[in-house]
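Structure record follows, encoded as structure tokens.
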Amino acid sequence: MSPENDIRLEAGRKLFAGAVNFLKSAPALEFLPAPTAPEVAFAGRSNVGKSSLINALTNRNSLARASTTPGRTQELNFFDVGEPLQMRLVDMPGYGFAKAPKDVVKRWKWLINDYLRGRAVLRRSLILIDSRHGIKDVDRDLMKMLDDAAISYRVVLTKSDKIKAVELEKTVKAITEEMRKHPAAFPEIIATSSEKGTGIAELRAAVYDAII
């Protein structure tokens, strides 16, 4: 491991070693907090393990769960990181609309599209993909939205402990190849496990990289 990477990892650790607090939920653009800090958004299909990953990232047991009670699932949830404030995490509503009413789907797409295109402090979006299932068409739809909005994004694999190492390697290779076709995609994939702690230090460093 290089000295430069050691510095990144330590900076990422320090970033999340202090205060992390739920700020607010925003069901529409007029409810967004003032753009006073850089933001990194977490997006992913429903049940991809987003809340668990945010909790592992921030060293909290129920931080994300506190803002995702029933009725808030179609809102953007903001978390302040650091005192004084250094950045904000944005928990985007889970997508994958097989059982969702059409008006809910349309409202979600409007909110996300408007947020991505109009939020000057958004530094990067992290797209969470379940290691067991790989990229789905709904993920590709979001990637196209990010490409069109010229928002840098990076794929983060969740639940990497749930598949064999050889299968994980194949998944990482396949997704890396696909990411090369997307102009706004960061080419390197981060494989994580909220349960085992795998990849969490690198994910913290990646968030730090995005805001400096």
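Indices start at 1 and increase along the chain as displayed.
Any Cβ shown, glycine's included, is placed from N, Cα and C.
What Swiss-Prot records for 36-212 is domain 'EngB-type G'. For 44-51, 71-75, 91-94, 158-161, 192-194, the entry in Swiss-Prot reads GTP binding site, with the evidence type sequence analysis. The Mg(2+) binding site annotation in Swiss-Prot covers SER51, THR73.
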Confidence summary (mean pLDDT) of the domain 'EngB-type G' (36-212): 90
Whole-number Å value for how far SER51 (Mg(2+) binding site) lies from THR192 (GTP binding site) (Cα to Cα): 13
Most crowded position, judged by CB atoms within 10 A, among SER51, THR192 as binding-site residues: THR192
Neighbour-count leader, CB within 10 A, binding-site residues: GLY44, PRO93: GLY44
Assigned element (helix, strand, coil) containing PRO93 (GTP binding site), judged by DSSP: coil
Residues that sit under 8 angstroms from LYS50 (GTP binding site) by C-beta distance, when 6+ apart in the chain: PHE42, ALA43, GLY44, ALA64, ASP91, GLY94, LEU128, THR158
Local backbone state of THR192 (GTP binding site), from DSSP in three classes: coil
